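What follows is a single structure, written as structure tokens, with notes after it.
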Amino acid sequence: MDLEHGSKKPPAAPAAAAPTRNKLLQLRDRLVAVQPVVLRAAAALAAVVAAVVMALNTQSYTAVVAIVGTRPLTQTFTAEFRDTPAFVYFVIANAIAGAYNLVVLIIRRLTLRRRTASLVVHMLDMVIMALLATGAATAASMAELGKNGNLHARWNPICDRFGSFCSRGGIAIVSSFIGVALMLALNLLSAAANAHRPNMAGQ
């Protein structure tokens with residue numbers, strides 16, 4: 001028999017599958033490491049787009065206010081983000097969020113080496129997420145008021161006259177909310193990473 005003569009060889013399938021499994025694990029680890037970078041870059045882009053679109057958002061509207069004889073008197077009204085404190089806060093919040101994420105991307109290697117620095121970045125991420133969320137929510141409430149008005153306060157809607165201004169403002173608000181969602185995902189990943197990171201002495 002083959003067993004008696006020692007001619008039977010052990011199966012080589014597990015040994016051959018080991019390198020493939022190691023490569024898959026390495027690929028997974030690389031993807032996991034890249035996720036925070038992609039999320040932070042996307043959040044920075046969303047915040048910068050929201051700030052720039054809102055800051056450059058302006059529209060003029062000319063209306064007839066009176067008629068003297070046969071000559072109409074017109075007046076030009078201009079809508080800008082500076083006219084509403086909520087939109088000013090929105091632009092500032094998104095500008096801060098975009099600049100912060102860009103700075104963190106630049107110094108990312110320094111923050112990955114030490115647990116303390118990583119925890120500080122995680123806490124700042126939560127602050128920036130709250131800043132973005134409040135700015136987007138405040139701007140959204142004013143946008144809703146501009147679109148539908150308020151019958152009880154007798155505030156008329158303005159989007160029927162400043163349609164482009166409202167449309168561009170809506171794009172900026174949506175972009176900001178996307179940034180909020182990305183910052184939330186980034187915070188969840190950061191919390192999970194810090195929970196599994198060993199607490200070594202001297203870090």
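In case you wondered, yes, glycine gets a Cβ from its N, Cα and C as well.
Pulled from TrEMBL, these are the features on record:
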- 32-181: domain 'Casparian strip membrane protein' (DOMAIN)
- 37-56: transmembrane segment (TRANSMEM)
- 86-107: transmembrane segment (TRANSMEM)
- 119-143: transmembrane segment (TRANSMEM)
- 171-193: transmembrane segment (TRANSMEM)
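86-107 is the stretch from 86-107, 119-143, 171-193 with the greatest number of Cβ pairs below 8 Å to the transmembrane segment (37-56). The DSSP breakdown of the domain 'Casparian strip membrane protein' (32-181), given as helix, strand and coil counts, is 108 helix, 23 strand, 19 coil.
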